[in-house]
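S.K.: Pasting a structure here, questions to come.
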Amino acid sequence: MTDTSDARPPHSDAKTASNSESENPAIDSPEPKSHAPLTNRDWWPEQVDVSVLHKQNEKGNPFGEDFDYAAEFAKLDVDAFKADVIDLIRTSQDWWPADYGNYAGLFVRMSWHAAGTYRIFDGRGGAGQGSQRFAPLNSWPDNANLDKARRLLWPIKQKYGNKISWADLIAYAGNAALEQSGFKTAGFAFGREDIWEPEEMLWGQEDTWLGTDKRYGGSNDDKRELAEPFGATTMGLIYVNPEGPEGKPDPLAAAHDIRETFGRMAMNDEETAALIVGGHTLGKTHGAADVNVGPEPEGAPMEQQGLGWKCPFGTGNGNDTVTSGLEVIWTGTNSQWSNAFLENLYGNEWELTKSPAGAWQFEAKNAEATIPDPFGGPPRKPTMLVTDVAMREDPIYGQITRRWLDHPEEMDAAFAKAWFKLMHRDMGPVSRYLGPWVPAEQEIWQDPVPAVDHALIDESDIAALKSQVLQSGLSVPQLVKTAWASAASFRGTDKRGGANGARLRLEPQRNWEANEPAELDKVLPVLEKIQQDFNSTATGGKKVSLADVIVLAGSAAVEKAAKDGGYEITVHFAPGRTDATQESTDVESFAVLEPRTDGFRNFFRPGDKNPLEQQLVERAYLLDLTAPELTALIGGLRALGANHGGSKHGVFTDKPGVLSNDFFLNLLDMRTEWKPSELSENVFDGKDRATGETKWTATANDLVFGSNSVLRALAEVYAQDDNQGKFVEDFVAAWVKVMNNDRFDLKQ
């Protein structure tokens, strides 16, 4: 396991996407098949793809939507499970022999590469869903031979069945590997539920493995900028090229790439150094020969049954294994925790050499062969990756690792925390954690919120608070926008954001442009006073949080708007949110949640060149919405006048603030002709076909519900005369879903 460690099987001509001999060895990249268009996406690639909102459909889940993983996990004998995993790690199998008779290094690499796909910009990736089982991750060059690691785990999964998910098992295997080596981890939380098809994720625009040109805009200089939201420098790698940028063995240049990519996984310099040093304390890389390995699992012949990268050299395993093409053994205590990585790194001078497979790596200069062979052969000289030497040569990393050389206990503490963060970064709040090994203390990166320590409000309190809100002088749009701003920061990918904690009143969210800080300055003090007045007079130990008041106020506004439209409804409300503090809020970490656009509020920035309708669907994906829910919410929010800045774009009604289906009625009215605005970018004018008078204005966030055939079909449903009530019901249901997205306590 490494920043890429066992990354890239070699092929016969040793060429990569950039056609550079210096990146030898490289995988024989599968090429896109040329064919006539076969799908709608082939014919109309610019059309927004709404199908992404229906991934992970329960129809593909063999357990159905009622399966309760937490209940199944509660039946697990965790001590027996742990003992079985450790026994597996220490028992070499003939079909894939373990280095030094121990699979610790292999399992650490598997767990790291499962978790290491996480990226901060959209919260995608990570170990939380067992995605490594599926393409493309199961066939990435960086994940070569991890198919064997997962296959080794199958007897454990088979034995414990539904009580342990693949996602938890893959993540825990690395934790167990560290513990059985003598390392004391910071704990472990179960609770990852499996998905049953690949996660919807753009890994890059390159069409060859190991390509870099698109994410860097064709630049290869030292100041090149990695495009967002990507977290890796190279297509098919977890982080960086272990031989250095573009295969050029420059440790300082490698350090630059390491810092950027690990930062995009939410790791600082100390955490990054700890992960590399700790992760390379166990295991080795494999590059026994310059041979052409077979195709990856997705391209392998059927008879290989999901195993790929078949190696024709010697036995194809053991000392004849070819994985990355790098042949590096970091320590002589390969299966035991030690400080030997740093002792070797600083106890030797390093000279550049090549592995038997032709990959750039470093070997200890004038050193004796002191590293035991994993299968009893002649001892080896100490070796390091280019990215390992970066931990010494880079001034910042060097200062950190030199300190750890003399104080290994500090390194152990740093690695324990960094490893726990790596394994759990995409799991969301601790309320989702399961098992007996969850640390008692929360870290700030977990976005902690206080536990409920008081009696909750009841139905009569809720009714009284709603009445106070509606008599406060705040308008329906103000209340709806505030509740939406609080809840819509949620990301279903890494379970961050949401209304719980009321972080809308804290930095950085208080001053996000999308949240209209000037409006918040008017609304929040009023809601805070309502909260304070209630808490000062309530009896029976009852209290209400501002987080609850914000959501309750928005729901009260929706009820009023529906009533004004002729529909008596009750918006379901579940109290139990609490208020976070500024001290428990990592401003820098939360900054990546700031919406650059939000089509639900018709918020966008001038000059934005990314299609608004695609960004709207992406926002809906992060909110875990279906296409019907997206459609109902847009129609309702426009009717309620909840646009950013009070803009009239898409407000196709003469009674804003009333919950009606007017948005759909007027969008589909053929008496209106739409044309791009001559005055405003990203704006369209809706003109009366008879008079030429401008009736409405809109953005792509609005017109996509008339232009996209799937969304238009849904819009037509809500425009029907017999579906006005259905629209109100569907809008309210979708509204409640968004308000409760982060209420994991309600889902247990």
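Each residue, glycine too, has its Cβ placed from N, Cα and C.
Pasting the feature list from Swiss-Prot:
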- 1-14: compositional bias 'Basic and acidic residues' (COMPBIAS)
- 1-40: region 'Disordered' (REGION)
- ARG109: site 'Transition state stabilizer' (SITE)
- HIS113: active site, proton acceptor (ACT_SITE)
- HIS280: heme b binding site (BINDING)
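Each of the listed features needs to be described in terms of its position in the shown structure.
M.R.: In three-state terms derived from DSSP, HIS113 (active site, proton acceptor) belongs to a helical segment.
DSSP gives HIS280 (heme b binding site) a coil state; it is part of no helix or strand.
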S.K.: Within a 10 Å radius around the Cβ, which one of these recorded positions has the most neighbouring Cβ atoms: ARG109, HIS113, HIS280?
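M.R.: For the recorded positions ARG109, HIS113, HIS280, the Cβ with the most other Cβ atoms within 10 Å is ARG109.
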S.K.: Compute the C-alpha separation of HIS113 (active site, proton acceptor) from HIS280 (heme b binding site), stating it in Å without decimals.
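M.R.: Taking the Cα atoms only, HIS113 (active site, proton acceptor) lies 13 Å from HIS280 (heme b binding site).
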S.K.: Roughly how many angstrom lie between the C-alpha atoms of HIS280 (heme b binding site) and ARG109 (site 'Transition state stabilizer')?
M.R.: 9
